[in-house]
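Now, the feature entries from TrEMBL:
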{"type": "BINDING", "residues": "Cys28, Cys31, Cys63, Cys65", "note": "[2Fe-2S] cluster binding site"}
{"type": "DOMAIN", "residues": "133-316", "note": "domain 'FAD-binding PCMH-type'"}
{"type": "BINDING", "residues": "Val161, Val162, Met163, Gly164, Ala165, Gln166, Ser167, Ile168, Asp264, Leu306, Lys324", "note": "FAD binding site"}
{"type": "BINDING", "residues": "Gln653, Phe684, Arg798, Gly965", "note": "Mo-molybdopterin binding site"}
{"type": "BINDING", "residues": "Phe800", "note": "substrate binding site"}
{"type": "ACT_SITE", "residues": "Glu1151", "note": "active site, proton acceptor"}
Amino acid sequence: MWVEGVGSTRSGLHTVQSNLMKYHGLQCGFCTPGMVMTMYTLFRNNPQPSQQDLERALEGNLCRCTGYRPILEAFKKSCPCGESGCVKTEGAVEASNPEPTTEVKVTKDASQEVIFPSELQTDTSYRQKSVKFTGGGLVWFRPTSLSDLLKIKAENPQAVVVMGAQSILGSNIRNNKTSPTLVSCIGVSELKEIRQDDKGFVFGSAVTFSEMEQFLLSHGSPEKTDGDGDFVPALLEGIRWIGADQVRNVATIGGHLMSTGPHDLQTFMMTCGATLTFQSAGDQSPYSVSYTGDFDPGAVPPTSILVSVRVPKLLQNEFLFYGKQPFRRGMDYAIVNAGLLVRLDDKSSRIKDLRFCVGNIESKPRDLAKVAEVAKGSAITDKLLDDTGAAIIEEFQNSNAKQLRYKITLASAFFFKFYKKLCKILKLSDEVGFGLTPSVSMGTQVYDVPSTDGSHVVWKPVPHVSAKSITTGEAVYVDDIPEYKNELSLALVSSTRARAKIVSVDFSAALAAPGVVDYVDYKDLPGNNMYGLIVPEIELLPQSEVCHFGQPLAGILANTREEARAAAKLVKVEYQDLPPVFTIDDAIEKESLLEYSNFTKRGNLEQGMADSELTLEGVVESGAQEHLYLEPCSVLVVPKKEEKEIEMFTGTQDPAAIQRHVAEFLEIPSNRINVRVKRIGGAFGGKSIDMVPATGITSVAAWKVNRPVRCIYQRDFDVRSTGKRHGAKTFYKAGFNKDGKINALSLKFYLNAGVVQCMSQMVLDAMMAGMASIYNIPHYHSVGFLCKTNLPSSTAMRGFGMPQAHYTLQSIMFDIAKQLNMPLNRFREVNTYQEGDTDMYGRVLTNFNLPRCWEDCKAQSNFDVLEKEVEKFNKDNKWIKRGVAMSPCIFFFGYPLLLMKQAGAMVNVYLDGSVLISHGGIEMGQGLNTKMCQIAATALGVPLDLVHLCETNTYSVPNSIESGGSYVADLNGGAVKNACEIIKERLKVLEEAMPTASWNELIQAAFFSRISLSATGFYKPGDRGYDFTKQEEGGEYCHYHGYGAACSLVEVDVLTGEHQILKTDIVYDVGKSLNPAIDIGQIEGGFVQGCGMMTSEQLTVNPEVGSLDACGPINYKIPGIKNIPKDFKVSLLKEAAGGHKELYSSKGIGEPPLLLAVSVHLALREAVLAAREVHGLSGNHRLECPATPERIRMACAGPIIEKCLAVEEKRKIVQV
């Protein structure tokens, strides 16, 4: 069943859907239908779930917008068990704000669950019958008995056996091909059996992991580890962290063990000594194979079928342990997994035998014979750790694995943890504290809601105006638009080199492929082939040279998407390779710099350094970040029959720019092109200039064939071909006194700009401004450079240079504070700007709310007490360390470039009193359209339900400015307000003449009086831009400031480098919020996205070809439900409007909260320093960004790290 079957806008919303709306659990909405189905399924299967069950169910769902907290809150409220269930019993905190005041109509009775349509139900006889399906060149067998299955395999030995279809599905997506004959075993009854005998358990190969888990929970205790033959705890631990519930419900043990890649339970089965039973057609009896390191799934005869897996029962004095270390807790692959089987001598309690298996270091799990050899006969003493540690290093020292040193430390860490567990069981030790503290998530939101006076719709926490359509799956994104008659699909051909001359391109094989209609390349452009943000500098379709891996160079048109993508892979491109550059260090060494640079200067740097009592030099570096919006780049172009008109449906942040570029590509006027945007499934800056290739090439293709053409990027293509947040590297020198006052700061910035300048100039300017925003440093000099590398041109991403600036700035402050041995907070307070100071850009700081945010956050988090508690915790715990830190932020709202401070809108009032508004902004999850409707309703004095906003398009509002900079609501809201005020002014004469008339009566009277009920609004704040060459006399750098502060408490597993955020408190100044629920959602979502930047989202490149190593949500680690703060409290600064009079005294939101995630990185550094002190290592230590588990573990140091550093790593990770 799909989400449309759960509830609809016509039949009524289900409770799950209505609560997502009511509790603001959606933003862009692209993930929402999946969230609804996950929770609806959970409630159907488990009417009384705990909060652990809720969070576990959501592990397989990703959201890039909300930060998960409101989703979890909505589902807790939806739980059928109500307040007596998960909401109350799991310790959730009552929010300080009142319940949402907006009434949500639920016409569907939650108790009346959907009945599966009878016409789609299959009867018992059908399910027991073997069937065969054919079509599209494929054959699908579904046998129901082992004999039928063996017969089919005998007749079709090359047929692919399908269990849960997880591995083959992923392979088909990556390779765009499907095996012609597939045999589904999921209905074979003999393969679904589970039985227990005196030797252990036997699981049929088609048993799913969920079925295994339920069986084990009912046949053994997950808590028992006393060596009485119960292996259940270890096996349950292995199953628990395989994928997520959605995967475990369909993935099978047989498919898992017969896949060629490394998988979690392969290591477990090798450790416990499992046996696999196979059967072949014609054989009288099955045969068994021990699951050892020699087992090769590819060597199994093609006619053999894995029937079952036997897991042997443990003997007395045998102990079995298993562990997995993922990169991201939740749905993720293992970095390393390990299993330990120990058999003790009955009399001496020495080790009689031992098997230690480690997976994911190499292509398949490995039984470490050297470890077993040194352990055999040993006593259970700490000397065993030294001996086995050396053996583990010896086993892997010649490995060619990536992250080799870290993976060896993980293998040693698992052995250590297993050893300590064994000691506890044997009562040889009572040492505890070897894992992160388990807990569930809870959240608190604090804001003021004005009393309902009937005159204002702004300032109220009303739900997203499209929430009903989104939660029911009725919201339309580009790929939801019904197919046009005669429509074609376009698949792009991309470069497989980072830098190379194009020698030749051969389309012949692709054109001969099924369904292919035509191709498009640079020769098909009627107009200009160049585009750019400031000047034309990028080829839409390259003629002679490619500049980065994944660069689009042609397109294939076919009848279906699958045919187009398959044919695109057949295009043969011959290259002549040229030497590439990927990293900032390479670019500096090879002097590969773009022309643009910038500087900031204040005071006399040399004099400031000379007057300083101390100086410190250092380097701060942060990596690139992928947007990973959930809706990929999408476009549908429909040529019209006359006047060379084109209608384009796309998901861009800048429809006017797309209109201009496409007009130049096609050599037609802009007034022939209508770019329409209903909504975007996430963007974060990545759908501005980076949408030009998709829209441009698709337009050229549609123009060539004169037919509708749709292009939807595949996820990996999207990631490889589009720009990222800029990687940054900063060299600094600071001069300061012993009292903590900074006298002078010298900075040299380098940004990884990619192949061309594009947005990098403005990002560098913003980063340099951000560096000078918080601390009053009298002598300051900075200079910035752009590195030219063979990567997609780096682009805008949420924060636009400011996250790099704040991370760099706070890292420098951390370094100096540690050098002075001064508390970090006190050091920062000594140097922070104060009310009335003049900043680096000549702006007098009035209504400077940063100190208020800072002090409120300190009080809300109870920082002083928390710091002491952390100190005590670290003294009491050796292997788990905590850290706590605060971070402030200032954000500039409004653009330095004056021409960007403008917006238009149109408001139409119809005779029934309803209102339609249009504006130039784009709804991409930030709640823009909701706020615009609130503004219109307030300005016109009408109820919110009379106001509607259809879409943004370039015919209704021309020449719009890109939606970005967290300034979109200010600009477009001002324009909408202006248009409404124009209409209200026209109606004033009627209001005076008809003082008791209703809104509808006024509108009728206006029509009869020939008063226009349509108005165009325009808004242009400020009258000055900024000239960077003039510094303090340069003009107005921004329109106003936003302020915030955060405090984060983290916990680190010293042995693995894994961490969790225990608590985060945020206080943020949004003025007088237009919609506090939406703004808090932006704060939470931005913060969690920032946590990804700070900790998990690492982009690395293959230096051989220039391709990114991670190109999707599995390998690229955005935060999941398990990675958010366990206690998440957000407060909007009270009485913050002050002198801010813009747009109902509101301020922008969206980007600034991401900066506050620096508090997490600083807290991790504190935890790492505490871990290093255990080993006698005092003083400061650098922790790179992102602070991945590997970097945290290696920074924590210790004897095993020292030994592993001697191991040569043959394959280096290259971060960009």
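Every residue gets a Cβ built from N, Cα and C, even glycine.
What TrEMBL says about a protein is an automatic prediction, not a curated fact.
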Ranked by how many other Cβ atoms lie within 10 Å of their Cβ, the binding-site residues Cys63, Ala165 are led by Cys63
Greatest Cα separation in angstrom, residues Gln653, Phe684, Arg798, Gly965 binding Mo-molybdopterin per the record, works out to 13
Looking at the binding-site residues Phe684, Phe800, the one with the fewest other Cβ atoms inside 10 Å is Phe800
Other than Cys28, Cys31, Cys63, Cys65, the chain contributes near [2Fe-2S] cluster (Cβ within 8 Å of their centroid) the residues Leu26, Gln27, Gly29, Phe30, Thr32, Arg64, Thr66, Leu630, Gly681, Gly682, Gly925, Gly1085
Other C-beta atoms within 10 angstroms of the C-beta of Asp264 (FAD binding site) total 26
Cβ contacts within 10 Å for Val161 (FAD binding site), all chains included, total 23
Cα-Cα, Met163 (FAD binding site) versus the residue listed as 'substrate binding site', nearest Å, comes out at 46
Looking only at the binding-site residues Ala165, Asp264, Phe684, Arg798, Phe800, Cys63 ([2Fe-2S] cluster binding site) has its closest CA neighbour at Phe684
The rounded CA-CA distance in Å from Cys31 ([2Fe-2S] cluster binding site) to Phe684 (Mo-molybdopterin binding site) is 15
Ala165 (FAD binding site) and Phe800 (substrate binding site), compared by Cα position, are separated in whole Å by 41
Apart from the site residues Gln653, Phe684, Arg798, Gly965, the 8 Å Cβ neighbourhood of the Mo-molybdopterin centroid comprises Ala683, Gly685, Gly686, Ser688, Ala796, Met797, Phe800, Met924, Ser963, Gly964, Ser966, Gly1150, Glu1151
Within 10 Å of Cys65 ([2Fe-2S] cluster binding site) (Cα basis), scanning binding-site residues Asp264, Arg798, Gly965, I find none
Whole-Å Cα distance, Gly965 (Mo-molybdopterin binding site) to the residue listed as 'active site, proton acceptor', is 7
CB contacts under 8 angstroms to Cys28 ([2Fe-2S] cluster binding site), restricted to the same chain and 6+ apart in sequence, sorted by sequence, are Arg64, Cys65, Tyr629, Leu630, Glu631, Arg679, Ile680, Gly681, Gly682, Met924, Gly925
Same-chain residues at least 6 positions away from Lys324 (FAD binding site) with a Cβ under 8 Å from its Cβ, in sequence order, are Glu237, Gly238, Trp241, Asp264, Ala334, Val336, Asn337
Glu1151 (active site, proton acceptor) and Gln653 (Mo-molybdopterin binding site), compared by Cα position, are separated in whole Å by 15
Cα-Cα, Phe684 (Mo-molybdopterin binding site) versus Phe800 (substrate binding site), nearest Å, comes out at 10
